[in-house]
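Enquirer: Take this structure, written in structure tokens, and hold onto it; I'll ask about it next.
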């Protein structure tokens, strides 16, 4: 991202040669930059040329996310540019450094393990500025079929390979439905009555299962416990779900990741009764992947999988994979930072994008809106067939529940569920159940005996959710007010929050 006074237009053209498709703002005095007129203007580099644009009325240009957004969501109107971090001297004609060392941009030699470890060691941070999978000198190697075998490792060069090299007609078409954010009275009827009722079943007569990524504020932990009792998977979506979006990618330390994700796992366990060993996965707020720091935290804590990375649109779609080797797709998103290192045994439940006419989208509610029930149904079925008629990679449908507020969407999705539950090759499973099938690929004609997909046995009394929850009205210094916590356990002393997940009055 670059900036300069308007009179230096030729300099901008030169900068565009090195920053194709990057948007920027022209330099202005800080006071003026905060005006709606100036903050809504931006310039786009396209093939070395500079083009002027203006956000729609009421919107401002977010220079970090490179989009126009509401004024309340843009906090960087005073920012004109970002300094480019120089590139380290990793590949030179003549060796600069001794073996097992690399050179900073000024030629200073440092041990190789210090490059892309999350901590700047070069004076100009050149050891941390070029750390994607293509530039990290310690990056994960490309897929090696000889040394990557199930159940603990799975990779393919282009991501489309079926586990176990099975024929598509022997593979169950898994449909994975996920929901992000709090579970509460706003969406409980949707989950318990309108979508996952007893009438809708998998081919073996067992209930449909989904995955819920829980964020803490306004969450009802009695409802979470009930979902877990019914066989749904409970996973983590952070305590605070804090803004700005870029914080998760650029600023969150390994300690921050522990506080947010392990902290929420502790809250779910303490107040929702979910066994800690059943909390296996996470999804990052805003899908802003946290580079290697996030996955170092996951490795330390024992998380099994991440479900935050969207892949470029692919036909056929991609199968999930483990992070033993280099990702089989590029990292999607402006400013996005996917892991570059090897994290053996951690699964990536990659998000295949949906095709909606000439558009693609990862979350269903981020797709262009359709207005009729028939159009929504056709979109869902079109993308289902892209999976079912090719390599049968799991078909993921990822939601925020606001999408269902529109009645045509809800009716179309209910019809979609009803039609697919009549198909003997289609199974609605959660992410962990999908991973278990991948670890032990089982043909369709043997799935009635596949243990991980059998009906859940009776819930032990000590794990069963209560019928009437405690509604704890608690004070929070961090949120500067009170919040309700609904739980089947005892009320904590204060509202649980980051660095105090058990709600102790300390």
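Cβ atoms here come from the backbone N, Cα and C positions, even for glycine.
I grabbed these lines from TrEMBL:
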- 97-109: disulfide bond (DISULFID)
- 104-122: disulfide bond (DISULFID)
- 116-131: disulfide bond (DISULFID)
- 13-79: domain 'Chitin-binding type-2' (DOMAIN)
Enquirer: Quick one: of 97, 122, 131, which of the disulfide-bonded residues has the smallest count of other CB atoms within 10 A?
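Expert: Counting other Cβ atoms within 10 Å of each of the disulfide-bonded residues 97, 122, 131 gives the minimum at 97.
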Enquirer: Spatially speaking, which of the disulfide-bonded residues 97, 109, 116, 131 is closest to residue 122 (disulfide bond)? Use C-alpha to C-alpha, please.
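Expert: Minimum Cα distance from residue 122 (disulfide bond) across 97, 109, 116, 131 lands on 109.
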Enquirer: State the mean pLDDT for the domain 'Chitin-binding type-2' (13-79).
Expert: 68
Enquirer: Cα distance, residue 104 (disulfide bond) to residue 116 (disulfide bond), nearest Å?
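Expert: Distance (Cα to Cα, whole Å): 12 Å.
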Enquirer: 104, 109, 116: which of these disulfide-bonded residues has the sparsest Cβ neighbourhood within 10 Å?
Expert: 109
